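Enquirer: My questions will all concern the structure given below.
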Amino acid sequence: MEGALTARDRVGIQDFVLLDETTEEAVLSNLKKRFSNDLIYTYIGTLLVSVNPYKELDIYNKTQMELYMGVNFFELPPHIYALADNAYHTMLTEYNNHFILISGESGAGKTEASKKILQYYAVSCPSTALLNTVRDKMLMSNPVLEAFGNAKTLKNDNSSRFGKYMDIQFDSEGEAVGGHILNYLLEKSRVVHQNHGERNFHIFYQLVQGGAEDLLHKLGLERDCHQYNYLTQGECAIVSSINDNNEWKTVKNALQIINIDDTNINYLFEIVASVLHLGNIRFDADIKGNALMNNNASLRWVSNLLDVDAHILQEGLTYRKIEAKADKILSPFTLDHAIYVRDALAKAIYGQTFTWLVSRINESMENKDSSRKTVIGLLDIYGFEVFYVNSFEQFCINYCNEKLQQLFIQLTLKSEQEEYEAEGIEWEPVQFFNNKIICDLVEEKHRGIISILDEECLRPGDATDLTFLERLEDKMGNHPHFVTNIKDLMCQSKNAIVRECFSTLDPDNRRRPETVATQFKSSLLKLTEILMAKEAWYIRCLKSNESKQTGLFDEALIRHQVKYLGLMEHLRVRRAGFAYRRKYDVFLKRYKPLCPATWPHWRGLPADGVEVLVQHLGYLPNEYKMGRTKIFIRYPRTLYATEDAYERCKHELATRLQAKYKGYKAKGEFKKQKEAATKIETCWRGVQARKEREKRAWAVKVIKQFIKGYLTRGEAKSTDNSEYLAFVRQHFLNRLKENLPKSVLDKTTWYAPPPVAKEASEILRKLCYRVMVRKYVRGITPQRKAQLQLKFVTSSIFKGKKESYPQSVAQPFIDTRISTFSNLTDDMIVFHITCEDPKQKGDLLLQCDHLYEFLTKLSVVANKQNAIKVVQGTIKMEPHPGKESAIDFTTGQEPMVYKAKNGHLMVAS
């Protein structure tokens, strides 16, 4: 950030107050130097000077906005964001209302400046989904108002032809929650007449160039601006720098965002189209000079679009209705009067529609919350205009600018110097031109131009060149005779917007309405009162040249603007004056935490407290002055250093307060928890004690009954011993369940029953063994069953006859233990013998010529046909216990027996 600041400082001076010389040449030289480097902003204290570069600069993106958020005014290079941010934070800090006055010539960039400020607040202010809707409506009100209220002039392709003051409403958190717009003096004469090189309001061209074909067909329009009288007088209907087609899309979208429904949007377009058709109505003069209408097609379209009676409309445009007692007489208009009536109706319709549109925008942005809000106002008013031929509008526009210049003088030059004198501050008065004499010339009662104009308009007789002011006012549509029947007709329109606009006007009111000049003067006085109640911030916009060329700096034009905008006088006042002043009590209330002697309470006078405070802060004598009721600080850097110290102190105080508050909350919470724990503990102890008491009472009862049952256990079952006996039975069953026998052969494991359960015990014992026997039998395999059958036979033969028999019971029989022989033609047979003594012989190998007879008789004798096993290839045998051997059988040419290389006995057959 510091690097960027240094780079900017090398190009000119950022604040004119810091110039070595306060001459016009020095000011112009600094402006030119900065302008040539695209530095269009320069300060005069807190006033911002902006020079229109007539090109887009990359200084308005979101990155730039974030750079200026919450930064002290002079910490970064001059920018419109810095002024907007400082006004916003001052409003939040002091909780008061502010306004930003944007002034300058037409084409100096005032409207663009107001849009940049709105965009900055839309991005920088805290927001929610609801507030985003408000923000969008504020932003999108601009395209709508520009379409209906801006036009191309000789000096500006997007010139505001009305004055706009917008209040942006903020809540206590700094969130934009609503807005309200006041509009002033729409240039209605532009609807019916434009000077050479100028255009009508943008909306007409946008509708014709951008409207869909079906919409144009419905409205009776052609896509050719040259077909309409109200669009061709300036001879520049099509301009290369304006894209009416794209602007049309933006306006349609914006109308929906500001909550104008489709029905009213259609009414709105019908009104715009009706004005174009109204301009195409032409009149001819008959031999008596009376007006005759010669374009019935345009009349029918106006009648259809406004939904009024075509005959009554034609009559109202060509005849004057005169009422004399009970009689009504129609007097024909002259050709000039008919044209005036047509144009007056077009201006009235358009002007009332514009007012309706502003009211709808205000309704969409309205915040109905009654809580107090602070506001920042944006005043975007038309700039000074001086043409070769100047109309009534230029008179009002320049009067408005003189009035705002008077406000500027009063708030900055005159009031500031008067304040120094009233406060007893040493001061060398700065001479300046007070334009009050100009404002008095226009608005003074009975002697001002407006008063004389009103008197001239009241004089009887026809308008002539000698009574120009009356003729001028007549062109503004205030003729007393032809307005009434046209108003009646508009009130009968089926177009809801037209009917609503004209119904507010009383057609039966015979009083002559106030002149436009008087109305405008009154509205300016009200605006001045609104602005005087707020803190002011100023943006002075300068045109760099008349031809709108990029990079061209017209020194003579700039010098002229610097003079009439009073920049030199403002510079001299700022140079000699003080940047900041506040009442003692306000200053002390804000900054007293910075001094131990004034914090937290100062018991003396506020002025004494401020003196102690600034001494503690180390203010130098030339940096401040003490007035009668206020302190004056000369340099902004002194104030910003104090503000930075306050911010640091505020954070420290907030940390300490936070710690104290957290400690207080923690103590309170601990106390609550301790009390709650004590209550819970007391309640729990009571619950436990009651449970223990109930448990003991139950135990005493059970024990007593148990003892009584024990004593009567041998008697017949009764109420005294029934529960005891049931308990004994239950106890026996539980113990028995834990001590059941594990196998069928276990005859000893059975829990001894008490006398009362002996019968049941025997029954259960038999059932238990039956179940175990059933389970055992179901689990025996066929092989095991065969073994057991053999064992049974063995038992019947040897049990009780041979002493070694009991030891052999546990040893199972093996089916293949008898003999094995090969499947070849040999006569070898192996008898398998099991022996546990290693000294005994093992398996026996025999050779028998009568092999089949021998094995058959052996199996019959042994009744073991399945004990003889036939194998292929190899028979394994154990000639000695634990020693394995093998006999391999093969085919050969002759029978022989030999030992093979692998150590096996080989038998060939």
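Cβ coordinates come from backbone N, Cα and C, glycine included.
Residues or ranges marked as ATP binding site by TrEMBL: Gly104, Glu105, Ser106, Gly107, Ala108, Gly109, Lys110, Thr111. The annotation domain 'Myosin motor' is assigned in TrEMBL to 11-647. The domain 'TH1' annotation in TrEMBL covers 729-909. Summarising the annotation, TrEMBL assigns region 'Actin-binding' to 524-546.
What does the local environment look like for each feature on the list?
Expert: Taking all protein chains in view, 28 other C-beta atoms sit within 10 angstroms of the C-beta of Lys110 (ATP binding site).
In the predicted model, the domain 'Myosin motor' (11-647) shows an average pLDDT of 81.
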Enquirer: Among all the protein chains here, how many other CB atoms are within 10 A of the CB of Glu105 (ATP binding site)?
Expert: 25
Enquirer: Are there residues at least six beyond either end of the region 'Actin-binding' (524-546) with Cβ under 8 Å to its Cβ atoms? List them, or say none.
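Expert: For the region 'Actin-binding' (524-546), the list is 31, 35, 46-54, 80, 83, 86-87, 90-91, 96-105, 107-110, 113, 155, 165, 182, 184, 375, 377, 379, 383, 399-400, 403, 407-408, 411-412, 552-554, 557-558, 561-562, 565, 567.
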Enquirer: Under a three-state reading of DSSP, tell me whether Ala108 (ATP binding site) is helix, strand or coil.
Expert: coil
Enquirer: Tell me which residues of the chain lie with their Cβ under 8 angstroms from that of Gly109 (ATP binding site), as long as they are six or more apart in sequence?
Expert: Ser50, Asn52, Cys541
Enquirer: What does DSSP give as the helix, strand and coil breakdown of the region 'Actin-binding' (524-546)?
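Expert: For the region 'Actin-binding' (524-546), the helix, strand and coil counts are 9 helix, 9 strand, 5 coil.
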